[in-house]
């Protein structure tokens, strides 16, 4: 299974690998959500949705359905 | 005459752009609208050295020049239109030192348009705490511009920024990034087709879905015909552009910015742990709401009593001082009474705006959006609907406009449709006066019973909004992708100056806008109440005196009886009697009926209307509240405003759509009369029904 931002644990960090561009708004990319950048999950609202992330220094909240389209790789 | 310099302030949201604007212009600013649209336009004058005056325009916050909302369109339209009278001679990009990377994206885009662009790095006071250091000279060299390191909070660096603005001619207009590398062939064709145009500008015109106004429209049309690339291909190219811009920015920052993360103290993490906690987050949010409503009710009581009494004595003073006649009574009974009905609510409205602007300035509002998104989605709303719903407690008009950042059209439409249910400040006058008449001023546990009732009414408003959203979500068949991105800004102590200016501005426009309507209605009402169509009106004195002589009532009551007889036979009396059958089952008499009708212009007119109707022909100095308390039922002699009729009135005002301005705004934002008409019909019909049931049950 491909790992996405939606699979991160609270506090966990990862590197963005790829983004399913048709399902992710340009605005998110402009805020620094781009391949190669680091993403960290900071907080979760109840039911793990929305997700409060830090990507490339931007603190953002996105919905789980969007997070599912941001592929990541975790340093193993 | 010194030449006036056009300066545009541009920046991401939450960078303190408005604070910088306030520092530059002081109170020398005005807020208006862009022609044809409802985006707020803030402009002001700043005095520079050597007698030069700068015209400063505070553009709406935006993350990039790829617009996704009306507010952002304004920025692009201005920057692409050299003929606009506000076209900037120099742009100042305000950025946040902690988010430089993201902020620089916008900077490079604006610089690439060939406009001299100054970079102002704000919140410099936080650098030490966050262990950030910058190599400014090097950065200036890389970005090919001048940089002002400022702190709008500590008022530092503003003078240097002013100096940079005066010397704008020395700033290079060379672009930072060559955007054409993303699709060299395509850009080549563009260049050949439009040899005289700036390439990046062309690219923006092609990719943006923006209406560029009358100017240059023909030219734009030919450019737009160049949209040969498919939409998804264009989007891919925009992404590519974003990536190369970030690459450039990363290279610059690598050499100029260092953050010692080990030394950075992070207040945000600690506060977020509590404020966005799964349990405590909600507890705190509701506690804050409770507090706000208690404060609005209790604190404003004193200034309100004072204002009420002052207007009563002013009216009395006018009557005593001016020669008696039609004009004097128009002033005393029509205008002063009507205006008193609006001025009295200034304290509450100011408090409300105060709290809302503190919540927004501090960065807390975004946490509420985060907490509420999942819950709200269940009802077809977005977490971002919380902001309109909460600011709807001030006024539905800005609230409806605040829905613009909701990405999904369906969620946005539902938010617009239900926002007028939230208790706006115009309902407050009606609620307060009726609550004070029909609910006892006693304590229940720790709560004041009247304050508690008010709180319940607010909850009722929210509840109805949410409930109808749920219904609309089931009924409306609109497919739209729901994107949701919100920035969680740093926590900041709200700046007194920003909050104060905001409260002043909003309260002023409330009073002036509402005041105009109320003044007009007061005068019309007074005329209608002071003249009558029939002989019975002009002979009132004789007829009533005859009734007294027949023993219908005591001589002491003569004057009062004449006055009330006259009112009944006046134009407004006839009108009121005509509609009385419709409002009687709700527990109202014709006087309240008149107030209900005038309320469809704006709700706050209610109190003013009653004040005018009741004061016509009354010589004594009295407050509005007292007059209402003295009104009795014609048949039973019991007070007109009792628990049942009071409750019925409260409920009617809670649900009815009585605000022409809101309807106009909804029409504008949804671009159709269908939705505002639906609101008017459904909400008012529902209000009538509920009020009817309430009165019949409790009477």
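Heads up, the Cβ atoms here are built off N, Cα and C, so glycines get one too.
TrEMBL: automatically predicted annotations, no manual curation.
Straight from TrEMBL, the features:
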BINDING   B:11-18, B:36-40, B:58-61, B:122-125  GTP binding site
BINDING   B:22  Mg(2+) 1 binding site
BINDING   B:25, B:26  Mg(2+) 2 binding site
DOMAIN    B:4-171  domain 'FeoB-type G'
TRANSMEM  B:279-297  transmembrane segment
TRANSMEM  B:335-359  transmembrane segment
TRANSMEM  B:379-401  transmembrane segment
TRANSMEM  B:413-439  transmembrane segment
TRANSMEM  B:451-472  transmembrane segment
TRANSMEM  B:510-529  transmembrane segment
TRANSMEM  B:643-666  transmembrane segment
TRANSMEM  B:678-698  transmembrane segment
Closest of B:22, B:25, B:26 to residue B:14 (GTP binding site), Cα positions, binding-site residues only: B:22
Cα proximity to residue B:60 (GTP binding site), best match among binding-site residues B:22, B:25, B:26: B:22
Which of B:11, B:26, B:60, the listed binding-site residues, has fewest other Cβ atoms within 10 Å: B:26
Cβ atoms near residue B:22 (Mg(2+) 1 binding site) (within 10 Å, other residues, all chains): 22
Cα separation, residue B:17 (GTP binding site) to residue B:26 (Mg(2+) 2 binding site) (Å, whole number): 14
Listed binding-site residues (B:14, B:25), ranked by Cβ neighbours within 10 Å, top entry: B:25
Other CB atoms within 10 A, centred on residue B:17 (GTP binding site): 26
Stretch of maximal Cβ-Cβ contact with the transmembrane segment (B:335-359) [cut-off: under 8 Å; candidates B:379-401, B:451-472, B:643-666, B:678-698]: B:379-401
Long-range environment of the transmembrane segment (B:510-529) - Cβ separation under 8 angstroms, sequence gap at least 6: 329-330, 333-335, 337-339, 341-343, 346, 349, 395, 425-426, 567, 570-573, 575, 594, 598, 601-602, 604-605, 608-609, 612-613, 616, 661
List of residues, in chain order, with Cβ under 8 A from that of residue B:123 (GTP binding site) and at least 6 apart: B:15, B:16, B:96, B:97, B:98, B:151, B:152, B:153
Arithmetic mean of per-residue pLDDT over the domain 'FeoB-type G' (B:4-171): 88
Spatial separation of residue B:22 (Mg(2+) 1 binding site) from residue B:40 (GTP binding site) - C-alpha basis, Å: 15
DSSP state at residue B:14 (GTP binding site), helix/strand/coil: coil
Three-state secondary structure, which DSSP defines for residue B:40 (GTP binding site): strand
